[in-house]
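As recorded in TrEMBL:
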- 6-24: transmembrane segment (TRANSMEM)
- 36-55: transmembrane segment (TRANSMEM)
- 75-99: transmembrane segment (TRANSMEM)
- 111-134: transmembrane segment (TRANSMEM)
- 146-163: transmembrane segment (TRANSMEM)
- 170-189: transmembrane segment (TRANSMEM)
- 227-246: transmembrane segment (TRANSMEM)
- 253-273: transmembrane segment (TRANSMEM)
- 285-305: transmembrane segment (TRANSMEM)
- 325-342: transmembrane segment (TRANSMEM)
- 348-366: transmembrane segment (TRANSMEM)
Amino acid sequence: MTTILTVAILVTLLTSGYIVVRAGNINCKGSMPSSLFAFIAILFTSGLDVGLIMFPLTEFPTYAAEEVYQFTNPLAIEFGFWGFLVWGFYFLTTFYFCVIEPKVKLFEIPVIKLVNNIVIIGTCAFTGFLFLSYLPSYVDGISDPVRFGLVAVVVLMAVLSSTDISYVKILSIGSTWLFFGLIALMMFSTNGLGFSELLGTMASIGGYFTNLDQFTRPISDYHEFYLFWWFSWSIMIGQFVARFVGGIKTWQLCIALLVIPSIPLAIWFSVLYYNYVNAIEMTEYLKLAMVFVGIVFVINSLDSLIRLYTQNLALTPERFGKGKYILGNFIAMYGLILAYQFTPFDIAWIGLIVIGLYAAIYILLLQKRNQLVAQTV
């Protein structure tokens, strides 16, 4: 699997570079164009989840201790798992669904449509399952009834939000500002952390860019898990957010996706890393603030995926009515989340299926290249 993943990453990155060089000035505009801030907010909050908030403080010690990560510092490793280059996956799929898919409609082919929607539903439920599984590590002493009840509320909120497309901008922009507020709260609550200390800590991220080649292939089994996760989400998120691209050139889209989300990630990880390096104990109210923002991110992620598969399969509120839509999706999604407890499910399986989808699309595009070139010109 590692070899397949490595080849897939290389092909994806080369394709992204080729697109920027050959189609850099093509105008990208989705069916529901939005401002750049709204587009990035939707992308940022749909494409990330609670792990962004909660994982780093538990991962820094691992990156500091294990030999495989010793080529750079833990902050650079953390940033490499979440930032910059991996957003190239989202650039490729966003460009595809914004510019190419409307011309070729490959995702309307029955087999591809079926596999795509199975991936979306499976990943959506698995995201909820991971949240259920990791809740005890986020909230000390949480009881099982509260844990299962909280996940049920999160799923219900996501289903409710997915009933109207206008909610997605409100939720995404609100979540983004909540995240900015969390960063500010953490900074001002951390003794000794001023802007000069923050900038000094952020300088360690340079270790990522000086070792960029290390992140183009799996560093470890854990890194492989992350990369399969990014692949699993890439087609779905590109398919969802492409509609919100507001009319920018391809090269601008690439820069926006690689750079803009990476800035708040770099600041957030640096604040957490400063706490880790200086052995600063996180207060309970800060932990609760982190959990709250993380929960909102999970609602965002589930909302985007539920909205996507229901539209793809014509399971919309307009067709069935809001009551049946909400009840049906809640039962299906929460039921799948509970069912995952009894399965040996691995995100790598979904990642491999998505890589297979990539391969199928590449082959079909090669067969249709003359038609595509004629339509693009």
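Backbone N, Cα and C atoms are what each Cβ position is placed from, and that goes for glycine too.
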Quiz prompt | Among 6-24, 146-163, 170-189, 227-246, 325-342, stretch most in contact with the transmembrane segment (75-99) (C-beta, under 8 angstroms) | solution = 227-246
Quiz prompt | Same-chain residue ranges lying at least 6 outside the transmembrane segment (325-342) that approach it to Cβ under 8 Å | solution = 121-122, 124-126, 128-129, 132, 151-152, 155-156, 158-160, 162-163, 302, 306, 310, 315-317
Quiz item: For the transmembrane segment (6-24), which recorded stretch in the set 111-134, 285-305, 348-366 gives the largest number of Cβ pairs separated by under 8 Å?
Solution: 348-366
Quiz item: Which stretch from 36-55, 111-134, 170-189, 227-246, 253-273 shares the most C-beta pairs under 8 Å with the transmembrane segment (285-305)?
Solution: 36-55
Quiz item: Looking at the transmembrane segment (111-134) and the transmembrane segment (253-273), are there 3+ C-beta pairs under 8 A, with each pair at least 6 apart in sequence?
Solution: no
Exercise. Go through the chain and flag residues at least 6 beyond the ends of the transmembrane segment (170-189) whose CB is under 8 A from any CB in it; none is fine as an answer.
Key: 37-38, 40-42, 44-46, 53, 161, 198, 264, 267-268, 271-272, 275, 283, 286, 289-290, 293, 296-297, 299-300, 303
